[in-house]
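If you look up Swiss-Prot, you'll see Gly36, Gly37, His38, Asp56, Phe80, Asp102, Gln109 marked as S-adenosyl-L-methionine binding site, on the strength of sequence analysis.
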Amino acid sequence: MNDTVHKHITVLLHEAVDGLAIKPNGIYIDGTFGRGGHSRLILSKLSEQGRLIATDRDPRAIAEANTIDDTRFQIVHTAFSAIPDVCEQLGLTGKIDGILLDLGVSSPQLDDAERGFSFMRDGPLDMRMDTTKGLSAAEWLAQVSADDLAWVLKTFGEERFAKRIAQAVVSYNKSVTDKISRTLQLAQIIADAVPFKDKHKHPATRSFQAIRIFINSELDELEKALQSALSVLAPEGRLSIISFHSLEDRMVKQFMKKNSKGMDVPKGLPILESELNKNIPLKIIGKAIMPSEAEIEANPRSRSAVLRIAEKR
């Protein structure tokens, strides 16, 4: 077992916050407070009139946020898909100058064996971002069919051995009274089911990702947040999103591309470009940003991060 504990280092900290083009008197949302790296930097750029609202599903993130003694700051224990509801309750719909989302699982969540996210540390097989709601991974695996599990592994983990792994997991649970309940127990069953090992990647990597995404409805949450962002943002409001795997990044990229594209109009028609742009809700800001080699060296977990920024017209 790997006992190395990674200090939590906020990925693309300055790039993501710079992407918000902070207005000192603006109103901002950090949809994924985590351990507060982005939030604290945003607060440092705001005037006394500025405001920051943060959300997070993780009770431990909420506890960390409650240590911030700042009248400009407010934390709400909810998923970032509920940002429109939060804004409505606060009378801020259409008044938000920027939203930052840092997707995926954080280092403290991975490193805390009790959370059940890591296949490198033995702990209860939980995987819930919000430990107060829903089924744990162990509870779900105890009742899922092999077909449904294979679908989850294939869809959310792009796992090539999805059927083989699913069959092994479900068969094991059917054959014993004490179902799979520990992270390393599941990791070993997966490893035994995979015929070819990738020397650069643990055989349980994709399966753990897939189960975590499913348990937390991560892609549904992201889809809801993206679809509601335009109604929440003020004109010229920024969207700054960090993703860590191709499924998330694909969704963010397609959303920004779709909403920044004008109509295809035949050449020669007497229509001004400004008229065409009236109905285009977003403008993409720059190219996708990846971590520098220096950041990757300092924090290897940042390697797969991709930051995309867009602005509401």
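Any Cβ shown, glycine's included, is placed from N, Cα and C.
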What's the longest C-alpha separation between any two of Gly36, Gly37, His38, Asp56, Phe80, Asp102, Gln109, the listed S-adenosyl-L-methionine-binding residues, in angstrom?
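Max span of the S-adenosyl-L-methionine binding residues, Cα based, is 17 Å.
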If one looks at the chain holding Gly36 (S-adenosyl-L-methionine binding site), which residues at least 6 apart in sequence have a CB under 8 angstroms from its CB?
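Looking at Cβ-Cβ distances below 8 Å from Gly36 (S-adenosyl-L-methionine binding site), excluding near sequence neighbours, one finds Ala54, Ala61, Glu64, Ala65, Ile68.
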Could you tell me which three-state DSSP class His38 (S-adenosyl-L-methionine binding site) falls into?
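SS state of His38 (S-adenosyl-L-methionine binding site) = helix.
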